[in-house]
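S.K.: After the structure tokens below, expect a handful of questions from me.
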Ligand SMILES: NC(=O)CC[C@H](N)C(=O)O
């Protein structure tokens, strides 16, 4: 393989709701076709995350119990994760991972868990209610349509510098009110989609991989990678 990317799977042993680890399988599937070798490493509790060691990161969803543990540990990685994000590191965060990149998440029992505030959103609780079901959104900039499945009690409100991953066509999205779903900030993609998101929406896998390659190999000709056809899964 011509290219190589180091991937941090953040808390991969704890944050894996609905097989979000399948996003790593999907990244591998597209990376191979792009002539890219992925070196994936789980970075979990009490382990160091150094921004300079990674080219791509993935942070899956989790139940409230796992999020309680992760919300404490992730504070020790806050500075390096923020550095990674601010230096245009590509990162995909799903559901519980999305919530913990923001300022806070309020669990179903009312406990307020701190996030790392690297992105400017916050997540409040619903009263004895969850958003569960199929969801379709459309990204206004690319015109791409994304399909997924959402299951979350938290309701997220985007902040400064964040654009939605898409506008809700059907389903609930971030909060059921403002029609937004997920977030994009620099090269960070966030979503409530399980399924996992990349197996059903290969375009997002391509955006992440191409962004990581451009950042690591600024002088390379990546036109083949950028033109990789993505099969329609619907
Ligand atoms: N699926 C998830 O990652 C759930 C996240 C969080 N525990 C919530 O209910 O909102």
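Yeah, the Cβs are placed from backbone N, Cα and C, and that goes for glycine too.
Whatever TrEMBL says is automated annotation, not expert-curated.
Pulled the feature table from TrEMBL, pasting it below:
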type: DOMAIN; residues: 6-201; note: domain 'CobB/CobQ-like glutamine amidotransferase'
type: ACT_SITE; residues: 95; note: active site, nucleophile
type: BINDING; residues: 130; note: substrate binding site
type: ACT_SITE; residues: 194; note: active site
S.K.: I need the most crowded of these recorded positions: 130, 194. Count other C-beta atoms within 10 angstroms of each C-beta and give me the top one.
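M.R.: When each Cβ's neighbours within 10 Å are tallied, 194 tops the list.
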S.K.: At the Cα level, what's the spacing in Å between residue 130 (substrate binding site) and the residue listed as 'active site, nucleophile', rounded?
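M.R.: Here the two Cα atoms lie 13 Å apart.
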S.K.: Rounded to an integer, what is the Cα-Cα distance in Å between residue 95 (active site, nucleophile) and residue 194 (active site)?
M.R.: 8
S.K.: With every protein chain in view, how many other Cβ atoms are within 10 Å of the Cβ of residue 95 (active site, nucleophile)?
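M.R.: Counting Cβ neighbours of residue 95 (active site, nucleophile) within 10 Å gives 29.
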